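Report on the following structure.
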Amino acid sequence: MNILETKSLKKYYGKDANLVKAVDGIDLSIEEGKFVAIVGSSGSGKTTLLHMMGGLDRPTEGKVFIDNKDIHSMNDESLAIFRRRKVGFVFQSYNLIPVLNVWENITLPIEFDLKTVDNEFIEELMRTLNIYDKKNALPNQLSGGQQQRVAIARALATRPAIVLADEPTGNLDSKTSLEVINLLKQSVRKYHQTLVMITHDEKLAQMADRIVRIEDGKLLNREGESC
Amino acid sequence: MLRYMKIAWKYIREYKKRSIAMILSIALSVFLVVTIGSLAESTRVLQVNDAKKDSGLQHVRYDGVNMEQVNKIKEYQNVKKVANSFYYDGWNHESGLTVNILGAEKNILYMESNKMKVGRFSTKSNEIAVEEWVLDRLRIPHELNQTIKISLAENGEKEFKLVGIIENNLDKQSVGNLEAYVAFNDENLAGRENHIYSFVEFKEDLNYRDEAKKLGKQVGVKDEKRIVLNRGLLTAMGELNAIDWDLVKKSLFLMVVGGMVIYSIYNISVLKRVQEYGMMRAIGSTKKQIIYVILSELFIVYMIGVLLGILLGVFFTNLFKGSTMSSGLFTEIDYKLDIVVISRFAIGLAMLTSFGSILLSAIRGSILVNRVSPVEAINRSTQDSNIKFKERESFIEKVLTIPKKVSYKNLRRNKKTIIFTIVSMAVGCTLFMVQTFKTELWTRDWKYRNSIDKSQMYEFRLNTNEGRPMKEGYTTEQIDEISKLPQVQDVSFKQVLYSELKINKKILNGIYGKNYIKFMNSENGFLKDLGDFSFEGVTKDEMIIRNTILGLSDRDLKSLSKGLKEGQIDIDQMKNEPVAVVHIPKVNEKGLYFDHTGKSKSESALNLKVGDKITVTIPKKGYDKGIDTVRLLAEHDKSQYIDQEFTIIGITDVLPDKDGFHLGTDLAPYLFISGNMFKELSGIDKYRLVRVDMKDNYTEGDYKILKEEVQKMSEIIPGTLLEDRVEYLKEAEKSDITYDLLKNSISIILILISGLSIYNNINYNLISRIREHGIMKAIGLTKKQFRNMIRFEGLIYGIISATFSCAIALMIELGIFIYYAYIFDKYSEPVLLLKRFFIEWKSFLIVIAINLSIGYIATIGPRRQVDKIEITDAIRAVE
């Protein structure tokens, strides 16, 4: 079953001579429970695609379906609620809230939802990611790898259907990168989630179930041609 | 240097919002100091003008100088103006009134802040100039060049030509002090050559105290008592003491508040630049070059901010000038604030303060930038490392939802900024509350005092002359007649008896009492012309001292009970028994009634308490025979006296009313008894004190009619002192209202500026966390939740600021109350009679409302701004 689908997804900026086609008509389907890597060079449109897939950005044209719901037909309020329940985001620069400790950062989306925190689940998640002992630490007291693991935990805390990761290892060394990807893979497998990850690192992309290549806002086929 | 200016200018242009915030904070601070400094200086101008009207323009007066000394004074280089006068003679008018004729130079009018109304000042020996109200009082028509036959006390009859009519001196008019001026020339001066009073005004910007001493020494005035400084004026000018503490206090206050306004916002801006400066160092700038860039930016921002602030300050202050404000508090009259000045001192202070504040921020930024490595700076880890790790969550954090917890934690993280923001807001609000409290405190006390004897504020006051026989006074019929006039609201009337007290020396209060008697018997005490103040009694333990008895109506007795320090008034008892309320003067250890240094403690001269008996001795037989009152009391022939014992049932610290002549001096004890007892004791049923209250909203016509009627009444008994306080009260009210307007304006501006500053700070604080807001939105914070979070943050600022302001204001108000009610002992009478603390709720509620409103309003802009930005842009934003 396809958990996520995009239909003729476009994102254009500017107009006339200054028109920039960041995403230029992408049709993409992602099966539930799969690990998909989106690979492309800098400026290829992969981040823009990811943002539209996750409802962070609205497309110029086209649709995005998550769990058969057209997410961009929702208003901002409904989209925010949908996003925090169904989508988990992992950003390249971690984007933790500096004044909240690790536990608070992880449970942040649950608190936004005004739901009771399943302490057992969160603790298990933290142990899986090896950050339980840093429960009360603030982000500025953690290493890059630890911070990214906190970000991953936050993304998984609400048990979202999809985890979207934008270059999650971009700021990490190779050893830590491998570690983080393995943990990510392990977690989504354990909790039956779908993972879509952007990366420019071929080695990391090879760890995915499927690789999708993007160039100049369009997907490339196996032969490297736009489709 | 130009290179760095160019870089700095690029930064300023690139980060417009931040630059505007910095410029705005400087401009606000400068505006605050300039406007408030100017208004404060205007207040001083007002006080100085009032002091000039009350006590003259002279800085010093030299008593008992001769012409040679006068000439030396005139030649002194630092003298701006001199006016000389001498006592010429007394004019015994047929109405029984006595006019003091002074020989004076024309400059005397300048010194009295007065001027000619018509005609000219006296220059020849047979010329005289008189104030308009004095002519009215003497029923002399306002015709120039008329010849007036004057009966002089020492020099017999003489004719004078009226050459000039002088504008009314309201002060003299309000106390019925009749004076006229003849020429200051050799002929008039004959016999008085060594008794000249020389009034001296020095040039500007000098140390007047020192100049007065110097000049005195130079002209040979050795006795310091003959060098009389104009304390009233010098105090108002802040020139009485070596250091003008008032100016120092105000300047410090303005510098602190002004400085805080800038520092709080400028500091943030400098710290946020750390990353950029780190980048510059990473690509090869030296530390010195970074400092040059920081200083260049500082210079540009400072120049723009200061210029803007000064222009705004001058413009705003000029708006005040000439503006018409209606008080709405006392009358419907509109007042012009034409005494408003632009203070150059304040402009200088503003420039200095703002420069000092941003220099401090820049120094801090420079130290930080240069201490931190380029990598750390680029990673901005220096900022986040300021967040402290805390094990335990506070109670507040436990109960807050997560968005509010984020706001709360951010507030705690930026403690210094918050403290600065809140303190700068609190200063304005606290000042406003304290100002309101003080005004209300004195208003309530004033109303309470007036309720003890309302007649103190009546427009017309008649006082039978001390020289008239004791039995003389106004009858009830005469008083009724004036009461019935349509222009009259109320008439108050009291009986007066000059008498003496027989006391045991033991009741003298130690050194206070002993020195009091000494002082009263000296030339500075009781008027020597009237005889001694005290006499020996029959035994060596007994002493007789002067005093005055007032006979009061039931109504006045009832009101008097409000002013009692001890005891209670039973009106029936007072009417039927020989009981009395006493007022004993309070003096310091030297026996003086008033110590201008305010340093000495004062106590009652006599140890009397409720229940004690006191013997009154009056020359009743002498009064019945019609013997001259002054002689009777001075000679103290026991054969003319009768004794009456009174029991003291009350003691008052306040003298509700008193006789205006020397015999009725308030330096001597006063006894208050009922009208009944007064008649029984003295056999007199007439009234020597009459106070007339004109109706409210009187017209000019009403005033003229009533003035004439009261004048006629004063002429029934020759020599009656008539005080016309109408114009004087009007001017005093105008002054009070102007003063209040200025003070309140200062408070309001402080609040406005502090409000703008807090707005600026909250605004900036929120805008600078766009990324954080973006992150939270990215992970699911809805717009509504975001709005609530931001509102909460703004309201927290408001709540903390309001709480802080109210707490500080309350403490200060309590301190003020305690000081004036229990500690301030400068005067013989208590400064604060109504010793009842209160909370001025209105001002507290206003301050709370303002703080909460500002806190809320400050979040509207940032909310809208952050709402407009796309989540993806916000996440990417570099702060």
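Cβ from N, Cα, C; glycine included.
Positions annotated as domain 'MacB-like periplasmic core' by TrEMBL: B:19-184. According to TrEMBL, the domain 'ABC3 transporter permease C-terminal' annotation covers B:251-359, B:745-868. According to TrEMBL, the feature transmembrane segment maps to B:20-40, B:251-269, B:290-319, B:339-363, B:417-434, B:746-767, B:794-823, B:843-861.
Most Cβ pairs under 8 Å to the transmembrane segment (B:339-363), among the stretches B:20-40, B:290-319, B:417-434, B:794-823, belong to B:20-40.
Under DSSP, residues within the domain 'ABC3 transporter permease C-terminal' (B:745-868) fall into helix, strand and coil as 101 helix, 0 strand, 23 coil.
Only pairs six or more apart in sequence are counted, and the transmembrane segment (B:794-823) with the transmembrane segment (B:417-434) gives three or more Cβ pairs under 8 Å, enough to call it a contact. Below 8 angstroms of C-beta separation, residues 253, 256-257, 260-261, 263-264, 267-268, 411, 744, 746-755, 757-758, 761-762, 765, 797, 800-802, 804-806, 808-809, 812-813, 816, 840, 843-844, 846-847, 850-851, 854 of the same chain, each at least six residues beyond the ends of the transmembrane segment (B:417-434), sit close to that stretch. Within its own chain, the transmembrane segment (B:843-861) has Cβ neighbours under 8 Å at 425, 429, 432-433, 436-437, 751, 755, 758-759, 762-763, 766, 790-791, 793-799, 801-802, 805-806, 809, counting only residues six or more beyond its boundaries. Within its own chain, the transmembrane segment (B:290-319) is flanked in space by residues 1, 4-5, 7-9, 11-12, 19, 22-35, 38-39, 270, 273, 277, 280-281, 340, 342, 346-347, 350-351, 354-355, 358-359, 362, 365-366, 369-370, which lie at least six positions past its ends and keep a Cβ under 8 Å from the stretch. Mean pLDDT, taken over the domain 'ABC3 transporter permease C-terminal' (B:745-868), works out to 83 on the 0 to 100 scale.
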